[in-house]
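Take a look at the following structure, please.
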Amino acid sequence: MQANLQWLDDPEVFRVNQLPAHSDHHYYHDTAEFKTGSRFIKSLNGAWRFNFAKTPAERPVDFYQPDFDATDFDTIQVPGHIELAGYGQIQYINTLYPWEGKIYRRPPYTLNQDQLTPGLFSDAADNTVGSYLKTFDLDDVFKGQRIIIQFQGVEEALYVWLNGHFIGYSEDSFTPSEFDLTPYIQDQGNVLAVRVYKHSTAAFIEDQDMFRFSGIFRDVNILAEPASHITDLDIRPVPNANLKSGELNITTKVTGEPATLALTVKDHDGRVLTSQTQTGSGSVTFDTMLFDQLHLWSPQTPYLYQLTIEVYDADHQLLEVVPYQFGFRTVELRDDKVIYVNNKRLVINGVNRHEWNAHTGRVISMADMRADIQTMLANNINADRTCHYPDQLPWYQLCDEAGIYLMAETNLESHGSWQKMGAIEPSYNVPGDNPHWPAAVIDRARSNYEWFKNHPSIIFWSLGNESYAGEDIAAMQAFYKEHDDSRLVHYEGVFYTPELKDRISDVESRMYEKPQNIVAYLEDNPTKPFLNCEYMHDMGNSLGGMQSYNDLIDKYPMYQGGFIWDFIDQALFVHDPITDQDVLRYGGDFDERHSDYAFSGNGLMFADRTPKPAMQEVKYYYGLHK
């Protein structure tokens, strides 16, 4: 198969040869590697050769050939944003598309059901291209194994070649993309070529309120899979009605040769609670395990059990060990139309959190994530909405450990396709009811679900943000409901299409609703509990009216709190030659047009993670309903 540039123009082509999404578990050769690191993973982070082209027509066409002369290529650091490495244009936008006012574009199939626009992005004057090259050798432990490459985050359209052979294509910027390199891998001198286009039809559904970057911005790893390997792990802990006992069901997917799987579950103190062995390949399900004296996971006591599965071959040689921490908890929407977690009414003291670092943009470190967790705990914040995309893989485990509720949002926002300068005009909204778009958005829901399905901190799946509503989003809801009965589904955009409210979202979710309007809803025999998915917009000297929302919690059981907009400013440090100091620059400070200017600064913290005075209000009022 050959790569096709026209895939950029077609919303029905969003993954080619990409491996199916799966759980986010790690695997090791033995338990000693839990501390030293897995021998089965090799990082490709660091310096890559790089070429920047302003348009697809200017790209180095055959750069992926092993004999290509790349002496005139630059060097770029991976992970990193192309724009922050000095190429292209830094641009912050809230709702419009980056090309608005310059190039006329409509999403394919929205003006005519037979309309596919050739060259929409593949021959565009504004579609910048990054071409990356990396050479690597295989470590001895990798030789003879199945070899997978994992890109944890690439904006926006990704083509991959190895040693001159086309490997695959993907689009979803914020969930991992994996491809099988085995047919073309060499022991030495491998040439990995990656081409990243800033825009494809995915741009119509990745219109989030943020700086618009491109490039390989999360980790890149080579993974070796042993002869028998657990590719997916599905953990289903279910407390009984009394919450004092429960059962555990676990299903694995084993690729390669049939294997013996030895499972052990320990409590927090390391005591073995249950163990069993199963043999097979493909789908391998363990017998239901019963638990007495159950410890529940909650924000107050985020109790996690330790699962370990050892994989043995036919000669009883240990091939790999898979550890995973999991928790028991319930999430219920009861007949009284109130949400309960572990039989207690849910109160969300939440924030919306973009991933951000003032020096590196959305390239964030473990230190950044741990600092954010500590800030949340110190200020009585008990919930995070991953606005408006899936976060880096470690974030979900950190929230499990800290007791932070998660609303795990799917990578979907099409704001510019239906709301223009504040006016509602959905004539070319996507995904909408368009039969050419549901596969792409359901795939994004599937990726979000599969990667993060085992985390007790997730109590809501979110279908995305500000994308209006239609049959395609209803299909996303149906996907989550079909695959998971242990969580609720959230979506705010159905507010604009009340005829779909019975089929989309378990909660009445609104943005920036006035307290008196919330009261009017709650006193009018509502059908769903109320949740502010965004409120208390913290721009400038804000949050002065937080008490008016907080007072609703004690008066109305169906009022379940909300998520403040937002956690951290999006701003970048730039060296000021006049003062010889690094200063924070916001939207519009990079000579970009158009821009939504300082609207990028709505955080409870400045971009350097210094808390603003408003954080004192948050700590006080959120502390009233821990």
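A Cβ is built for glycine as well, from the same backbone N, Cα and C atoms used for every other residue.
Sequence annotations record features per position, and here Swiss-Prot assigns site 'Has an effect on thermostability' to Leu318 based on sequence analysis. If you look up Swiss-Prot, you'll see Glu466 marked as active site, proton donor. Taken from Swiss-Prot, the feature active site, nucleophile covers Glu534, and the record attributes it to similarity to another entry.
Quick one: how deep are these features, and who are their neighbours?
Long-range neighbours of Leu318 (site 'Has an effect on thermostability') (same chain, six or more residues apart, CB within less than 8 Å of its CB): His29, Asp30, Glu310, Val311, Tyr312. Leu318 (site 'Has an effect on thermostability') carries a strand DSSP state (E or B).
Annotation for Glu466 (active site, proton donor): spatial neighbours Thr95, His388, Glu413, Ser414, His415, Gln419, Glu492, Gly493, criterion Cβ-Cβ under 8 Å with sequence separation of six or more.
Long-range C-beta contacts of Glu534 (active site, nucleophile), restricted to its own chain and to partners at least six residues apart, with a cutoff below 8 Å, comprise Asn352, Glu492, Met511, Tyr512, Gly562, Phe563, Ile564, Trp565, Asp566.
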Helix, strand or coil: which one is Glu466 (active site, proton donor) in, per DSSP?
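In the DSSP reduction, Glu466 (active site, proton donor) maps to coil.
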